[in-house]
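Some features that Swiss-Prot has for this protein:
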ACT_SITE  82  active site, schiff-base intermediate with D-ribose 5-phosphate
BINDING   25, 154, 215, 236, 237  D-ribose 5-phosphate binding site
BINDING   103  D-ribulose 5-phosphate binding site
BINDING   166  D-glyceraldehyde 3-phosphate binding site
């Protein structure tokens, strides 16, 4: 267990390097290069962006090895890739391929309706989505080195990401005021290990990096998530479904860097072209955020 714990600390440290940055979904070597040139701290290699997964339906699986390898060979920044929730074999394949990070993602069709992957068994670090503190701490207990809001991917609508980030931050604030016996009871209530709740109380935050994701479509959206306490931002469909991906990618990076400077935010929000068309979350037939437990 000590070896696993030590390895987790190293994985967690790797994720810390992404703080204050943008991680972009890409589906080709060309898109990966655009992301790198714009200043992305990493890219997420995909066959289809979430908006297309949502539109086309069917079973969404790990991207093809050829696609991921093409993207890995195109850039020098870290490359992440998604696996289905609970799909141990997909994760082992990606680890063997040499990706830098794995996202056990609700954007893909879950492979296991009872268990997430035991991430301690892998050398490669994992990022997982969460809607609240209980979900975040369950994933960390399984070995996740990084957390992100689930939001509602592929919608271009930031409302769910805002809801999830606010909920986590509010719950953390509550935890910092609790006595130990209250932490024990709260851990049972939200399904979280009390040891991790004690760590949250001590730190006043999650014990790992916490990014925003799901529905970020404009530089203003990205800045908003930073204002709410995110350590950085994942942008999925928002860049390459916009009218001018190069401009949008650069603007997203600048917005995350200068989130607390309205003058700069105004400047970078001008002349970036049309953002992706958004969807009303209330009208969705499939809510990806509800996948996972």
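Counting starts with 1 at the first residue shown.
Each Cβ is built from the backbone N, Cα and C atoms, and glycine gets one as well.
Sequence-distant neighbours of the residue listed as 'D-glyceraldehyde 3-phosphate binding site': residues of the same chain at least 6 apart with a C-beta under 8 Å from its C-beta are 228.
Most other Cβ atoms within 10 A: among the binding-site residues 215, 236, that distinction falls to 215.
Under DSSP, the residue listed as 'active site, schiff-base intermediate with D-ribose 5-phosphate' is assigned to a strand (E or B) in the three-state scheme. Looking only at Cα atoms, residue 103 (D-ribulose 5-phosphate binding site) sits nearest to 82 among the recorded positions 25, 82, 215, 236, 237.
DSSP gives residue 166 (D-glyceraldehyde 3-phosphate binding site) a helix state. Residue 237 (D-ribose 5-phosphate binding site) has a Cβ environment of 27 other Cβ atoms inside 10 Å. Between the listed binding-site residues, namely 25, 103, the fewest other CB atoms within 10 angstroms of a CB are found at 103. Shown in sequence order, 44, 46, 62, 63, 102, 103, 104, 105, 107, 108 are the residues of the chain, 6+ apart in sequence, with a C-beta less than 8 angstroms from the C-beta of the residue listed as 'active site, schiff-base intermediate with D-ribose 5-phosphate'.
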